[in-house]
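Participant: My questions all concern the structure below.
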Amino acid sequence: MDETQNNRTSLVKGAKDIAKEAKRQASKNFSKAVDRASDEYSAHRSYNRFQNEDEEENNYNNYTQQDGHYAGNAANDEDGASSDATEGHDDEDEIYEGEYQGVPAYNDGKPREGQVALGQPVSDSLKSRKELENERQADEEELAQQYELIMQECGHGRFQWQLFFVLGLALMSDGVEVFVVGFVLPSAETDMCVPNSGAGWLGSIVYLGMMFGAFFWGGLSDKVGRRQCLLISMSVNGFFAFLSSFVQGYSMFLFCRMVSGFGIGGAVPIVFSYFAEVLAREKRGEHLSWLCMFWMIGGIYASAMAWAIIPHYGWSFSMGSAYQFHSWRVFVVVCALPCVSAVVALTFMPESPRFYLEMGKHDEAWMVLKQIHDTNMRARGEPERVFTVNRIKIPKQLDELVEMQNESANPVLKVLFKIKAELRGIWLTFMRCFNYPVKDNTVKLAAVWFTLSFGYYGLSVWFPDVIKHLQADEYASRVKIHNSERIEDFTFNFTLENQIHRNGVFLNDRFISMKFKAVTFIDSSFLNCYFEDVSSVGSFFKNCTFVDSFFYNTDIDDSKLINSSLINSSFHHNKTGCQMTFDDDYSAYWVYFVNFLGTLAVLPGNIVSALLMDKIGRLSMLGGSMVLSGISCFFLWFGTSESMMIFMLCLYNGLSISAWNSLDVVTTELYPTDRRGTGFGFCNAMCKLAAVLGNLIFGSLVGITKAIPILLASSVLVGGGLVGLRLPDTRANVLM
């Protein structure tokens, strides 16, 4: 009995000793694993904190359920027992961190086939829409932080500069499009015999096309991608801009320019969204401001080309009397070249990796980020540097309820359904721009865009027209007046310019190979006179009488014979169409030169804003620039000469450009990725709407009064600047 008791005691004691030894061995193995994990963590940039929490749960479930062994037999297994996975493992067997192992697979946290979902989170189908959106918001916040670290690892180098120049060409095309309207308008309306009722439509309809284009392409870029939308929109712009130079009818020309404006409308919202998504936070403000310079370069390019091409009437050619290709059409073709260059260059650039992540395309985003990293490292002379990111957080993808079409449906109906679905998607994304927390920002941004654009485009129309009005007044002050003259048997074969002839009598006179320029005949008589190869620019015959006169190959028609009578007079081979020429035009060169100077004055403001954007802040620069621009408008009251008005134009442009640059940066940074293109497109659409209203309102006040344009521009600019100061500061923001 005692012996049995002693044996039992010995067995218990031996079991306890074995258990203690097993526990000690397990503790030793655990410490070794912790040390190895710590070394691994310190050798890598840690992105593990951004991975899905579901992964940890899945791994835990895998261990607890593997072969039904560990969980079911925990009581029988000792803590120090080694598993098959770790038995015989040596520290030297670890895979080198830089060894290429293909595109890392993204673990979506879903249980594998045959895996019991023990401890898994609640299925998405059991969650409310609000819960799913909250989870996606949390995922986006994690992604924003991780993406900032990734962009810092990729560095800023050759890739960003390549994309900078490619997107710069697209932004330059937008600047060219805006200036083309003003430069082409007078020539196109004269060449196509546009009546006064149709004059001015060209400027308005192009801005309307840009307005709808900004909203459409900006919204579509949030659905199908930045690069793809920019390629399509720029292709539309280039094709119809090129086509517009060949069409002869004014209505068809308006249509081509409207569609061209619709295409280029997508440039600004997409370009800034695209470029911001490959920049680290500390580089974003400065380099987006440098990108704005290309808009100014587009204006300089358009001004220089207009100055060099349009006044040269000899550059034109014709095919009979039906087809005329004047110099302004050559200018339109030349202005389409930056757009064509941008389309070609864009084909070699990848999609925005930030957009890929937003759409849940992990592998595509990883490949683009690796391309950015490797391109920059090779340019630095460090090709051995390895892209250490292996997994990137992607936001929860929320399935949208869409109506499915029958596979056997008509292809046309499928296309229409696809278009309808995309438009509905754009509209729903737009409505989300008015949800908390971006609703207030959208309203404020729209107000600032509208006021800045209204003042800028309105004064841009008013300045040149006022200068031309001053020139016309000065030109009219030098007019020569001839009263009651009588000229007989005289041959006019030279130019008559800026003259008024009252109560004159012309008897047996010959007008051969000559030009009337700004010449008006009032109550004059032409008896037995001969007109051959005569052109008249801004010249009229009012209350005149023609007796026994002959007209051959002239442009004198009913529009220039105002209340005049023709007695036994005839016209042969009269020139058809509208005759246009820039020979000896007193204002053509000067107007283009003034625009060139005004655009060039933007350069100092661009440089200053780029250098100080991250130092003094976006909002300070935005509000300060708009307020100073509004104050500078008051000095227009003292502009009584051309030189004074030109100086004020240059000063205003130089002060306002900082506001434009700041507004572009702030708008890009305030919207999350899934709404960035849509929100920016809406704000840019408000900008173009303000441009239309500014053209109409300010253009109607030229030569009438100075007070209304000056007070109107000053008030809206100062008011918009004060609203801009109420926007949140985005200098420290990561791109959500």
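From the backbone N, Cα and C atoms, a Cβ is placed for every residue, glycine too.
In case it helps, TrEMBL gives these features for our protein:
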COMPBIAS  1-10  compositional bias 'Polar residues'
REGION    1-90  region 'Disordered'
COMPBIAS  14-24  compositional bias 'Basic and acidic residues'
COMPBIAS  33-43  compositional bias 'Basic and acidic residues'
REGION    102-136  region 'Disordered'
COMPBIAS  126-136  compositional bias 'Basic and acidic residues'
TRANSMEM  163-186  transmembrane segment
DOMAIN    163-731  domain 'Major facilitator superfamily (MFS) profile'
TRANSMEM  198-217  transmembrane segment
TRANSMEM  229-246  transmembrane segment
TRANSMEM  252-276  transmembrane segment
TRANSMEM  288-310  transmembrane segment
TRANSMEM  330-349  transmembrane segment
TRANSMEM  445-463  transmembrane segment
TRANSMEM  589-612  transmembrane segment
TRANSMEM  619-638  transmembrane segment
TRANSMEM  644-666  transmembrane segment
TRANSMEM  678-701  transmembrane segment
TRANSMEM  707-727  transmembrane segment
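Tell me about the surroundings of these features in the structure.
Facilitator: Long-range Cβ contacts of the transmembrane segment (163-186) within its own chain (Cβ-Cβ under 8 Å, at least 6 residues beyond either end) map to 200, 202-203, 206-207, 210, 230, 234, 237-238, 241, 257, 260-261, 264, 267-268, 270-271, 274-275, 278, 287, 290-299, 301-303, 306, 310, 328, 331-332, 335, 338-339, 341-342, 345-346, 348-349, 460-461, 464, 592, 595, 599.
Using a Cβ-Cβ cut-off under 8 Å and counting only residues 6 or more beyond its ends in the same chain, the transmembrane segment (589-612) has close neighbours at 179, 182-183, 286, 289-290, 292-293, 296, 299-300, 303-304, 306-307, 310-311, 463-464, 467-468, 471, 621, 625, 646, 649-651, 653-658, 661-662.
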Participant: Out of 252-276, 288-310, 445-463, 644-666, which stretch has the largest tally of CB pairs under 8 angstroms to the transmembrane segment (229-246)?
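Facilitator: Of the candidates 252-276, 288-310, 445-463, 644-666, 252-276 scores highest.
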Participant: Within the domain 'Major facilitator superfamily (MFS) profile' (163-731), what mean pLDDT does the predicted structure show?
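Facilitator: PLDDT averaged over the stretch: 83.
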Participant: In the same chain, which residue numbers or ranges, 6 or more beyond the ends of the transmembrane segment (330-349), come under 8 angstroms Cβ to Cβ?
Facilitator: 162-163, 165-167, 169-170, 172-173, 176-177, 180, 183-184, 227, 230-231, 234-235, 237-238, 241-242, 244-245, 264, 298, 301-302, 305-306, 309-310, 315-316
Participant: For the transmembrane segment (644-666), which recorded stretch in the set 252-276, 619-638, 678-701, 707-727 gives the largest number of Cβ pairs separated by under 8 Å?
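Facilitator: By the under-8 Å Cβ criterion, the transmembrane segment (644-666) pairs most with 619-638.
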Participant: Pairs of Cβ atoms less than 8 Å apart decide it: which stretch in 288-310, 619-638, 707-727 has the most with the transmembrane segment (678-701)?
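Facilitator: Checked against 288-310, 619-638, 707-727; highest Cβ contact count belongs to 707-727.
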Participant: Establish whether the number of Cβ pairs under 8 Å between the transmembrane segment (707-727) and the transmembrane segment (445-463) reaches at least three, counting only pairs separated by 6 or more residues.
Facilitator: yes
Participant: Apart from its near flanks, which chain residues at least 6 from the ends of the transmembrane segment (619-638) lie with a Cβ under 8 angstroms of it?
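Facilitator: Contacts of the transmembrane segment (619-638) (Cβ under 8 Å, skipping residues fewer than 6 from its ends): 448, 451-452, 455, 459, 609, 612-613, 644-645, 648, 651-652, 655-659, 661-663, 666, 706, 709-710, 713-718, 720-722, 724-725, 727, 729.
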